[in-house]
Amino acid sequence: QDLPGNDNSTATLCLGHHAVPNGTIVKTITDDQIEVTNATELVQSSSTGKICNNPHRILDGRDCTLIDALLGDPHCDVFQDETWDLFVERSNAFSNCYPYDVPDYASLRSLVASSGTLEFITEGFTWTGVTQNGGSNACKRGPASGFFSRLNWLTKSGSTYPVLNVTMPNNDNFDKLYIWGVHHPSTNQEQTNLYVQASGRVTVSTRRSQQTIIPNIGSRPWVRGQSSRISIYWTIVKPGDVLVINSNGNLIAPRGYFKMRTGKSSVMRSDAPIDTCVSECITPNGSIPNDKPFQNVNKITYGACPKYVKQNTLKLATGMRNVPEKQTRGLFGAIAGFIENGWEGMIDGWYGFRHQNSEGTGQAADLKSTQAAIDQINGKLNRVIEKTNEKFHQIEKEFSEVEGRIQDLEKYVEDTKIDLWSYNADVLVALENQHTIDLTDSEMNKLFEKTRRQLRENAEDMGNGCFKIYHKCDNACIESIRNGTYDHDIYRDEALNNRFQIKGVELKSGYKDWILWISFAISCFLLCAVLLGFIMWACQRGNIRCNICI
């Protein structure tokens, strides 16, 4: 007798998900190494090697630092009244005027950089009884001696240097930045030759602040033929406030003010060339794409940039758990469902069906469950980017040698932040990967349960992701199962009849040895019971005598 399962009265339907021969290893909360069909790299580890000039306005400092451009060094006159989003300082920048220092260099540089402009307004300061527009051979403007264009070097007039007391109110509705300085002669002779008094003094005040500087006379290392120095200071005058300058010598006076603006402009040291291209994120190494949430190119950034982390790679799962086929089976060489392994031949969807019936074999993707999984995964990368991208910039931190402890503390804080973000990145990606794998597994289980509920008693779960259908199920029937229109009542009687026939045949053929052994055991038991009963009967009648001795 032929098995009903081997003729046209049954069919096999398997459910599965796609797989690839070589997947990608990702990390989850529960597993450091789990293979998925697809993953996206989250760490940007290289730059373009050039700084893009769009959408940010990049100002190339060339051979000028920002402070030299601010003061008006003769070789930096081209930067007068310039504006920028990012001022790029080059390693070959140099000063070519009177040697100077800025006691609070980092603060002034940061203040001017964030303002994003060198717009300068000249004001009519009145300096009575002194000689203005001093110059030096150390600061050539053309063939003649010159000086910083934004500063006015005041020296004695004749043999006198009167006490200067000048006020300048701020009647505008914006902050004004005044740059001024104090000259430190190299000798007492130079001091009296320039300012008459043996010791000068400069006091600059507003209602909110006051600075008093006394020159330090003494020789310093020679720079551009000078052993004297100028110290540069700065004062911000708020609207309605008044600038007061008082001095009896050594004053390097302002010629006007810089108009301060609030913004997100900045300055960066870089030797990367500036090119015509588009990039939101800039590092000293060059521009980098910001389509990833993390980067390990450089800690210093400008613009909307990925978060800096220590890791070289972090992969976000964008596909399901990968279970490659264990061997080449052919389409139905050894039919198996998702519980055993994935299907490497399925390219038109993530989930699908394979069937074998009287009309042959076939395969089709389930687009609904595939789309449901893809929709949930697609937004993951954008959400991670939104959580991590810097909306502003991470500026360079600079401190003088005196502020070494502050610098050490700042470095410790920055390193701690990087460690924290690197750890957060690991956890965030592991959580997202765990969620991706769980949801793709869930969609597979949902599809399997949906199919089980349709087939009911008309089919049997084979335990490997497949169903044995106990009725004739042609391609139209298979399609109705896939699209959810299958009516199990139509096939119920046929399925029950075939199931009983198949189970009966399986019982006769598959369990014959078991039945024989069970029958033999029962026969032996009955024989022993009859023999024991006969002995007891005979003992009662006296035909058999049994003596028990102790």
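Heads up, residue numbers simply count up from 1 along the chain you see.
Even glycines carry a Cβ here, placed using N, Cα and C.
According to Swiss-Prot, the feature topological domain 'Extracellular' maps to 1-514. Note on the topological domain 'Extracellular' (1-514): its mean pLDDT in the predicted model is 88.
Taken residue by residue with DSSP, ASN8 (N-linked glycosylation site) is part of neither helix nor strand, so it is coil. The N-linked glycosylation site annotation in Swiss-Prot covers ASN8 (among others).
If you draw a 10 Å sphere around the CB of ASN22 (N-linked glycosylation site), it holds 8 other CB atoms from the protein chains shown. According to Swiss-Prot, the feature N-linked glycosylation site maps to ASN22 (among others).
According to Swiss-Prot, the N-linked glycosylation site annotation covers ASN38 (among others), on the basis of sequence analysis. For the recorded site, ASN38 (N-linked glycosylation site), the DSSP three-state label reads coil. Other Cβ atoms within 10 Å of the Cβ of ASN38 (N-linked glycosylation site) number 16 in total over all chains.
Long-range Cβ proximity for CYS277 (disulfide bond), meaning a same-chain Cβ under 8 A and a gap of 6 or more residues, is found for THR48, LYS50, CYS52, ASN53, ASN54, SER287. What Swiss-Prot lists as disulfide bond is CYS52-CYS277 (among others), and the listing cites sequence analysis.
Marked as disulfide bond by Swiss-Prot on the basis of sequence analysis: CYS64-CYS76 (among others). Reduced to three states, the DSSP call for CYS64 (disulfide bond) is coil.
Taking the Cβ of CYS97 (disulfide bond) as centre and 10 Å as the limit, one finds 25 other Cβ atoms among all the protein chains shown. Annotated disulfide bond per Swiss-Prot: CYS97-CYS139 (among others), in sequence order.
Annotation comment: Swiss-Prot describes ASN165 (among others) as N-linked glycosylation site, evidence class sequence analysis. A C-beta separation below 8 Å, combined with a sequence spacing of at least six in one chain, links ASN165 (N-linked glycosylation site) to VAL244, ILE245, ASN246.
With a 10 A radius on its CB, CYS281 (disulfide bond) counts 25 other CB atoms from all the protein chains. The disulfide bond annotation in Swiss-Prot covers CYS281-CYS305 (among others).
What Swiss-Prot lists as N-linked glycosylation site is ASN285 (among others), and the listing cites sequence analysis. In the three-state DSSP scheme, ASN285 (N-linked glycosylation site) is classed as coil.
Feature annotation from Swiss-Prot assigns disulfide bond to CYS473-CYS477 (among others). Counting only same-chain residues at least 6 apart in sequence, those with a Cβ under 8 Å from the Cβ of CYS477 (disulfide bond) are ALA11, ASN357, TYR486, TYR491.
Note on ASN483 (N-linked glycosylation site): other Cβ atoms within 10 Å of its Cβ, all shown chains, come to 11. If you look up Swiss-Prot, you'll see ASN483 (among others) marked as N-linked glycosylation site.
The feature transmembrane segment is assigned by Swiss-Prot to 515-535, with sequence analysis given as support.
For 536-550, the entry in Swiss-Prot reads topological domain 'Cytoplasmic', with the evidence type sequence analysis.
The Cβ of CYS539 (S-palmitoyl cysteine) has 12 other Cβ atoms within 10 Å, all protein chains considered. As annotated by Swiss-Prot, S-palmitoyl cysteine applies to CYS539 (among others).
The S-palmitoyl cysteine annotation in Swiss-Prot covers CYS546 (among others) and is backed by sequence analysis.
On the backbone, the CA of ASN8 (N-linked glycosylation site) and the CA of ASN483 (N-linked glycosylation site) stand 23 Å apart. If you measure from the Cα atom of CYS76 (disulfide bond) to that of CYS97 (disulfide bond), you get 10 Å. Of the recorded residues, CYS64 (disulfide bond) and ASN22 (N-linked glycosylation site) place their C-alpha atoms 54 Å from one another. In this view, the densest Cβ surroundings among the glycosylation sites ASN8, ASN285 belong to ASN285, judged by other Cβ atoms lying within 10 Å. If you compare Cα positions, CYS97 (disulfide bond) sits closest to CYS281 out of the recorded positions ASN22, ASN38, CYS281, CYS305.
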